[in-house]
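**Student:** Pasting a structure here, questions to come.
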Amino acid sequence: MAENIVEKFEKLFKGKYKIYYSSIRKLEKSFFFMIRDQKQKYLISIAKKRICEKFEGKKIGRINDLDILMCPTNDYNCKVIRTLFNINPSVCKKNTSFGFGDRLGLATPAHTTLINKYDVFPVLAQQSVRELSRTHRNFKDVLDSAIWGIFESGYEGEFGADADHVKDINDLMQAAYEGYSMYTVDPSDHVKNIDKINQGELVEFYKSHPLRKEIEMIYSGKVFSFEKSKFTMEDKELFRIFVTYVDAIEHVVKCYEAIKNTKKNFDFEVSIDETSIPTSPLAHIFIVHELRRRGVDFQTLALRFVGQWQKAIDYIGDLSVLESELSMHCEIVKSLSGYRLSLHSGSDKFSVYRIFTHYCDGKLHVKTAGTSYLEAIRTVAEASPSLYRNIHKYALTCFEKDNTSYHVTADINKIPDVDNVEDSKVVNLLDIPEVRQLIHITYGSVLTEKINGKYLFRDEIYRILHENEFLHYKRIRDHLGKHLELLKN
């Protein structure tokens, strides 16, 4: 029946629109699917008037006794399809989960086609507050874009929506209002860098803190024994850990309680990865015990691991040292139980995925974001070398400014002159680490810069990706597939 209706639609409009056959859904005697023309995408509702009236749209014809409504892919209509087809984020119920950050809001159909091949829970709506600020998006837009992508691809499995690296309770509440299922709290602003603070100030802070005596009674001299490792909380180490993390833990508790008062069922992640020093095993133990002691039910914990976890490139550091450190952290996780480790800046860390999967026994969460954006820009470079050249040259002017909130060590002086690169080889620039980091961190400037009220690049980027959608989706599937293949347990 659905095929018959779609066939009649095609004949009626004589091939004017491309139909996404994967999106066809039937609800009682109504039919829904996605289409596209040369500029944008629409939802088609072929149904009785009472159903069509639920949507915003324009009647463009009839098939049998059913109206044909062409609907914009806006927030209002997104809420309707979420209700009709129960397309809503849920909590993770699998051992391995993967965050598919999508800065442009176009990549979800490519992401979902990968999920069927792997036993992974997909977090399909994931953006950090920093990314939202730089791209001028919001939590509503990110989730809407993911749901339209889910509808287009026909994906019917469960998925998550992560309000990532949130520092402010107001931002958490906005995400909760939109129906997010995962909340990643980043308390890094409250983590003290004790190597840069006067020792006298630290001692005074410690001695005068109202929790000091209680903490000393619990932890001073305590021995923590695990399968292969044993750690003793000496007073000097307790002092350093307490002073470093106590304010951060207090902030996490406040954030957790705010969400708990708003939602009943959610995934909660604590992120302490964006700090200057690696998280020691004793700090890991202290943080977990203190969070639990204060009633925080968290599902994932992002530690600051040894080595450099720079954006858009592979891990920098001694893999044997990382392996040794990770084995101890995983012993702690297995013993304390009830949570998984989360790997941030997970894009393109191909040399470490097998190590993490092995020691975590497949129980981990991995976050990516910028790598899907890079594949979008790779598509632009293939389809329009001239547009890429302009983006590249503009990014060079923004690098110093945009690099202030990212830790990358790219030497842009090593980047070839883009004007001296042949059109057919421009795309190969995206394989150079320095170029990858250049494009990765300047996304906000590239996507939001305007001249005389008109976007300098944004509209052209979206146009190129719309016209070259098949190539765009393929590039994302190929690249993210490499990540997921290495994460197989």
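Cβ coordinates come from backbone N, Cα and C, glycine included.
According to TrEMBL, the protein carries these features:
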type: ACT_SITE; residues: D164; note: active site, proton acceptor
type: ACT_SITE; residues: E269; note: active site, proton donor
type: BINDING; residues: H165, K311, H344; note: divalent metal cation binding site
**Student:** Could you state the CA-to-CA distance between the residue listed as 'active site, proton acceptor' and the residue listed as 'active site, proton donor' to the nearest Å?
**Tutor:** 9
**Student:** Once the chains shown are all counted, how many other Cβ atoms turn up within 10 Å of the Cβ of E269 (active site, proton donor)?
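**Tutor:** E269 (active site, proton donor) is surrounded by 26 other Cβ atoms within 10 Å.
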**Student:** Using the centroid of the Cβ atoms of H165, K311, H344 as reference, list every other same-chain residue with Cβ within 8 Å of it (recorded divalent metal cation site), in sequence order.
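**Tutor:** Neighbours found: S128, D164, D273, E274, S345, K367, A369.
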**Student:** About how far apart, in whole Å, are the alpha carbons (Cα) of E269 (active site, proton donor) and H165 (divalent metal cation binding site)?
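**Tutor:** Their Cα atoms are separated by 9 Å.
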**Student:** Fewest other C-beta atoms within 10 angstroms of its own C-beta: which of the binding-site residues H165, K311, H344 fits that?
**Tutor:** K311
**Student:** For a quick check of packing: other C-beta atoms within 10 Å of the C-beta of D164 (active site, proton acceptor), how many?
**Tutor:** 29
**Student:** Helix, strand or coil: which one is H165 (divalent metal cation binding site) in, per DSSP?
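**Tutor:** The residue in question, H165 (divalent metal cation binding site), is strand (DSSP, three-state).
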